[in-house]
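Asks: Below you will find the structure I want to go over with you.
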Amino acid sequence: MTERYANGVSTSLVEPAANGHSAEPKKVAEEGEGEKIVLKRKLTLINGVAIIVGTIIGSGIFIAPTGVFYYTESVGSSLLIWSACGILSTIGALCYAELGTSITRSGGDYAYLLVAFGPLVGFLRLWIALLIIRPTTQTIVALTFAHYAAKPFFEDCDPPQNAVKLLAAVCLCLLTAINCLSVKVSMKVQDIFTIGKLLALIMIILAGLYVMATGELRNFSNPWEGTYSARNIGYAFYSGLFAFGGWNYLNFVTEELQDPYKNLPRAIWIAMPLVTGIYVLVNLAYFAVVSKPEMLSSLAVAVTFGNKVFGPLAFMVPIFVALSTFGGVNGVLFTSARLFATGAQEGHLPKFFQLFHVKQQTPIPSLIFTCLMSLLMLLTENVYELINYFSSVLWLSVVASIAGMLWLRHKKPDLPRPIKVHLALPIIFMTICVTLVLLPNFKEPANLLIGIAITLAGIPFYYVCIAWKQKPRCYGRLSNAVVELCRAIFNTTIIESNETLK
C-alpha cells in the first residue's frame, strides 16, 4: 500500500504478499486495478432495506418505550418524542444519502470524516467505534435478546443476570460464526428476521387498535401531565433515538451494494417512513393496554403487553421479540466488521482487519474481534447506563459527519452529488443534535466528559501507530506474523478497495 495523504503520513503497515494467496481469490473477486482484489457487489435493494429496517428494529422498540416514558411520565409527550425522533432520524438519513452517493466507499462516518477533515479526525471516529459505539450497541441488543428469550421460563420474576449474560454471549458467538461462513447466509438471516419482527410489531399494533376500538382509553386521560425538565427531555430523546439507531448503517457497506447511487437513497426512503410509522403505532398500542405504573416497572414492556392481551398465547411475544433482537445483532455485526476492514485498508487499523475469506469474502478476523469486544461489554449490567454512556459520543460524531458534508460542498464543489439536500436540513439536524447532547449534560456532564476523554485518548495512538513512519523492524515483523497466522488459520487474503479516500 502506498502513501494516501498529502501530509506524507504513511499508511503502510504490512504489504500484501506477491503470491501464494493472491491467485485463488481472483476467481471469486471482481477485477480491480492491477493486482488488487476487491469485493463483489452482492447486496440488493431488498437487502439494503432489510439492513436498515432490521438494524433499527432491534432491541430499541422493546426497551426504549420504558426509557422514554420514565423520563417524561407523559403519554402525549412520549408519543410526540417518538414522532420527533423518527423525523430527526429521517433528516439525518437524507443527509447521509448525499454523503453516501458522493463518497461511495464503505465506512460510513469514518470515511466521510476522513475525506472532509483528514486522517486524524477519521482515525478518532474509528477509535471510538472500536472501543465504545459498536461493542456497546451489539451488547445492548444481545442482552435484550437474552432477556426476552429467557423470560418465558421466569414468568413471575426477572431472569437471573448470569443466565441472561450467558445467553447473550451465545447469541453473539453464533451470529459471528454465521457471518464468518457466508455473506449470502447472513443476508438471508437478516431478511428472514426482518420479516419476522415486522409481523410481530404488526400483531402488537392490531391488538392495541382492537383494545382502543372497544373503548379502553383510560390510560390516555391527562396525556400531557408529566415531567418537563431539560435533563429529562434530553434523556427521553436519547432513549427514543437509540431505538432509531441504525438508520446510517447501510452507508457502512456501500461498496457491497449494487448500484449505490440509486439503491442507497431508495432504501432510505422505503425504510425510514416504514419504521417511524410502526414505532408510533406500537407505542400507541402499548399505552392503550399497559398502565403507567406497569410501564415504569417493566423493562420487558412487550411481554407485559402480551400477558394482558394474548392470554394463553402470550408466550409468543417474548419469542418474537427475541427473534427480532437476534436479527438486530446480525445487522450490527455485519456492518461493524466492514467498518474495521475499511479502516485497515486506509492504514488506520492493523492489516489483519483487512483479511477476507478467499471464497466467501467474509472478514473473519474483523468479525471475531468485534465479537470479543462485545463479550467484554457484557460486564456492564445496566442497559440504560450503556445507552446514556455512548449516546453523547455517537451523536457528536454524527454531527461532525454532517458538518463534513457542508465543508465538502465548499472544499470540493465539483464532487459528484447525485443527491443534494436543501441546506436547511443539515443545519436543523445539527442544531437539534447538539442541543440534545448538551441538555442532559449541563447537570450530569460525566458521560459526555468520559466519552470526549476516550476519544482524545486516541490522539497519541494515532501519532505513534499511524503517523510515525520510522517504526522499529520488530513492529513490522509482528504485524506480518499476525497477518500470516490469520491467513493460515482462516484461509483469508487481503482485500483492497476500488476507491481511495482522499
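The backbone N, Cα and C atoms fix where each Cβ goes, and this holds for glycine too.
Please treat TrEMBL annotations as automatic predictions, because they have not gone through curation.
Here the structure is a predicted model, which means the values were calculated and not measured.
Copying in the features that TrEMBL gives for the protein in this structure:
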type     : residues : note
TRANSMEM : 45-67    : transmembrane segment
TRANSMEM : 79-99    : transmembrane segment
TRANSMEM : 111-133  : transmembrane segment
TRANSMEM : 163-183  : transmembrane segment
TRANSMEM : 195-213  : transmembrane segment
TRANSMEM : 233-254  : transmembrane segment
TRANSMEM : 266-289  : transmembrane segment
TRANSMEM : 309-341  : transmembrane segment
TRANSMEM : 362-380  : transmembrane segment
TRANSMEM : 386-409  : transmembrane segment
TRANSMEM : 421-442  : transmembrane segment
TRANSMEM : 448-468  : transmembrane segment
Asks: Test of understanding: applying the rule of at least three C-beta pairs under 8 Å (pairs 6 or more apart in sequence), is the transmembrane segment (195-213) touching the transmembrane segment (233-254)?
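Replies: Between the transmembrane segment (195-213) and the transmembrane segment (233-254), which are separate recorded stretches, there is no contact, as judged by 3 or more close Cβ pairs.
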Asks: Compare 45-67, 111-133, 163-183, 421-442 by their Cβ pairs under 8 Å to the transmembrane segment (195-213) and return the stretch that comes out on top.
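Replies: Counting Cβ pairs under 8 Å, the winner is 45-67.
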Asks: So which residues does the transmembrane segment (45-67) touch in its own chain, when a touch means Cβ under 8 Å and the partner is 6 or more beyond its ends?
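Replies: Distal contacts: 78, 140-141, 143-145, 148, 187, 190-191, 193-194, 197-198, 201, 235-236, 238-240, 242-247, 249-250, 253, 257-258, 263-264, 266-268, 270-272, 274-275, 278-279, 282-283, 286, 295-296, 298-302, 321, 324-325, 327-332, 334-335, 383-384, 387.
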Asks: Might you confirm whether the transmembrane segment (266-289) is in contact with the transmembrane segment (362-380), defined here as three or more C-beta pairs under 8 A between residues 6 or more apart in sequence?
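Replies: In this chain the transmembrane segment (362-380) does not contact the transmembrane segment (266-289) - fewer than 3 Cβ pairs sit under 8 Å.
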Asks: Can you find at least 3 Cβ pairs under 8 Å between the transmembrane segment (111-133) and the transmembrane segment (309-341), where each pair is 6 or more residues apart in sequence?
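Replies: Yes, the transmembrane segment (111-133) and the transmembrane segment (309-341) are in contact.
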Asks: Return yes if the transmembrane segment (421-442) and the transmembrane segment (163-183) have at least 3 CB pairs under 8 Å (sequence gap of 6 or more), otherwise no.
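Replies: In this chain the transmembrane segment (421-442) does not contact the transmembrane segment (163-183) - fewer than 3 Cβ pairs sit under 8 Å.
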Asks: Counting only residues 6 or more past its boundaries, what in the same chain has a CB within less than 8 Å of a CB in the transmembrane segment (309-341)?
Replies: 51, 54-55, 57-59, 62, 106-108, 110, 126, 129-130, 134, 137-138, 141-142, 144-145, 148-149, 151-152, 171-172, 175-176, 178-179, 186, 189-190, 192-194, 196-197, 199-201, 203-204, 207-208, 211, 246, 249-250, 252-253, 256, 289, 300, 302-303, 349, 353-354, 356, 363, 366-367, 369-371, 495
